[in-house]
Each structure stands twice: as structure tokens, then as C-alpha cells.
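Just below is one structure, and these are the notes that go with it.
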Amino acid sequence: MAPKSSSRKVKPSQSPRASVFKFLKNPKVAFAVALIFMDALLVALIIAYVPYTKIDWDAYMSQVTGFLEGERDYSNLKGDTGPLVYPAGFLYVYSAIQYVTGGDVYPAQILFGILYIINLSIILFIYVKTDELPWWALILLCLSKRVHSIFVLRLFNDCFAMTLLHAALALLLCQHWHLGLILFSGAVSIKMNVLLYAPSLFLLMLKAMDVTGVIVALSGAALVQILLGLPFLASYPIAYISRAFNLGRVFIHFWSVNFKFIPEPFFVSKQFAVSLLLAHLGLLAAFAHYRWCKHEGGLFKFLHSKVISIRRPSAITSSSGSSFKILKEEHIVTMMFSGNFIGIVCARSLHYQFYSWYFYSLPYLLWKTPFPTWLRLILFVGVEYCWNVYPSTKFSSALLLCLHLVILWALWSAPSQYPYKEDQLSAKEKHR
């Protein structure tokens, strides 16, 4: 019986050529390619005819110039909008951009336009791979006025961070976990908001790999951070760590898109920050226990099984034939996007460029809810409306929070699907 079981487990993992052929046969691929070309034209028109908005570009170039001139003390790297608050990967990326563009805005816009199309292509690959949306709904990914602005009219570092994050997610869907973790760490080195995906990613790693594999993958991700930060860690480690990984920053109330209706004294208070942190942790724990690990018997039973696998690895491998389990693409994306969305809902402040943190997950999350299509579209338009009100108002921020909470409640209410590929055959056989 053992050889028979082992041969069946090979079925879900097709050869690369067969996987590519199956992907290309999906009729949504042609529509996705058409969207890419149409959006590329739109991006070109925006760059040509819509005036650039000066926000952080000069500050980025000032900080990069200080780095290139030999400054390694993070406390001395500053721009006209304040001190440098991003990890070292940001400096390397924008040093390369300065080298290519000479620090000029127009060629940088062209570069960011190309980045926008690359990011859109990766996102469309993820959506086609998971096959959760109807073909026509893919156009929603191209309809955000704010996101186009963030990429080609603002030139924010969020664009590079999210493109790397989406590339890492695409690698996870192809079961390249170690390489995906390296790209994930690279995204974190550009902007720390990517860490909102970390709880979901860690849980997925525990599901997909044995503990040794998880440790190796995490070590690779940590090594990326060490190597990128080495020039600063070797010179002024405290300044680098305290500024590049500052989790206690207080944002300006005026720029808040999600909590403008909160009085400013309470908005900047420690009590508000702690309350949101507790809500964030509580929601993550609830989703992990009752939603993401439902088919493993809950979070605690799942973690207990991983502890047992450390003490008695032979007991696990003998029953399954392998310590690795192949996760469904839908399960990976649902956990990653919903885990990040929980962080968005509980974020102390969302600035306009932060919309890029989760916009590309919105259509997917909306189609994971039990809502009818018309309500999904209303929620999508409502969120986009709130992000295009400038400056934000008490009404727009309160409305955005309400829309977020409605989506979050719907994700909680949605049915939980079986997460694994390789156990489906044996599960079906048990019911025969």
C-alpha cells in the first residue's frame, strides 16, 4: 500500500512545462494580456499629460546622496521631509534609480511606469493562477486613480516594496518557499509595512514545510537583512536599528485617511496605539484559530502537531510519506491577503500612498466574501472613493473604516475551504 500512496502524491506536482501549458490554456490569460497593454497605454498618457506632484522625491535623493557620499550614521541621513526611516534596501534601490535617471523626475516616472506594468503583470498572474474571480472582474485591478498616481506621479518606495512582495507571493504559489522568503525579506528592506504579511506567511510555512525547512528559510531571510544592513550595522548599529525599524512612530493626524474622525489628542495617545495593537493581535489569533487552521483542528492543535513532529519526526513522515504538504494556491493567497488586511484595518494611520499596500488584494478579498456581485462592486467603489477624497474628512475616514469592517466581517463569515492539494485523493477515497 505504501508505494501506491507515494505514487499518488506525485500527481498534484506537474512538470514545469505541463504547468505552463495548463496556465496558458486558461481563457483569462488573453484578457489579462490585453489589460496589461491597455494599462501600459494609460500609464504613458498619465506620464505625458498629468503634472508630477512633488512630495518625497527630493528627500529620497538627498538621503541617497548622503549615503553615496559615505555617510553611514542613519541619524545623519535626512531630507527636506525629515530623517530616513526606511531600512537599507531603500537606499540601494534609490541609489540605482539616481544612477539611471540622474535624479531627474521624468526618466524616473518612466522607470516607475515600467515598474507599475511589471507589478500588474505579477498580480494578474496571481489572480489567474488562483482563478477566483470572473474574467471581467480582472479589470478592477486597473481602475484605481490613486494607485496610478502613487506609482507614476508620486514615485513612492511603497511601489518597489509591494512589487517585490507580490513577486514573493507568486513564488509561493509555485512552491518556491525559500526563494519567496528571500524576496519577502528584500521587500521588508525597502519598507517595513510588508511585515503585515509576516504572521500569515509564518503560519503558511509551518503548513508547507517541516520545522527544519522553516528554520532554514527564516535564516535565509534574516541573512538578507544582515547583508543589506551590514555597512550600517558595522558602523552605527543602534542608529540603524532604531531608525530603520522604528515601530513606535506617531503619524501626523492631518494625513490620516482612516482615523481622521478621531480627535487628535486621542489619535496620538499611547492608549489608542495599544488598543489597536491588541485588536490586531486578537483578530490575527481568531482568524488563525477558527479560519486558517480550521481543518487542522485549530491553531493550538496545529502548533502542537508541529511540536510533536520535532520530538518524533518518524511518526509524522511514516503516516504522510513526506514532511512537506502542497497547499492550494487559493489558501496561500487568502491567508496572505486577509492577514495583511487585518493589519490595514488596525493600522494607526493610513497615508495616501499606503493604499498600494492592499488595493491589489481588494478584488480577491471581495470575491471571497459571501456577498452578491453588486455589493462587492459597491464596496470596491466605496473604498476607492474614500482614498480619492483629499484632504480626508471625518466622513470619508469613518466611511472607510466602516467599509473595512464590513469586508472583514464577511471574510470571517465566508466558508473555509480545505487547504491541501495532496491529501484530497486520500480524503475522497475514505468516503468511497
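A Cβ is built for glycine as well, from the same backbone N, Cα and C atoms used for every other residue.
The transmembrane segment annotation in TrEMBL covers 29-52, 84-101, 108-127, 160-178, 184-206, 213-234, 272-292, 397-414.
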Maximum Cβ pairs under 8 Å to the transmembrane segment (160-178) - stretch from the list 29-52, 84-101, 108-127, 213-234, 272-292: 108-127
For the transmembrane segment (272-292), sequence-distant contacts whose Cβ falls under 8 Å of one of its Cβ atoms, 6 or more beyond its ends: 199-200, 203, 248, 250, 262, 266, 298-300, 335, 338-339, 342-343, 345-348, 408, 411-412, 416
The transmembrane segment (29-52) and the transmembrane segment (213-234) contact flag, 3+ Cβ pairs under 8 angstroms: no
Cβ contacts under 8 Å made by the transmembrane segment (108-127) with residues that lie 6+ beyond its boundaries: 28, 32, 35-36, 39-40, 43-44, 46-47, 52, 57, 97, 100-101, 133, 138, 141-142, 148, 151-153, 155, 159-160, 162-163, 166-167, 169-170, 173, 333, 360, 363-364
Surrounding residues of the transmembrane segment (213-234) on its own chain - C-beta under 8 Å, 6+ positions past either end: 72, 74, 87-89, 92, 177-178, 181-182, 184-186, 188-189, 202, 205-206, 240-241, 244, 323-324
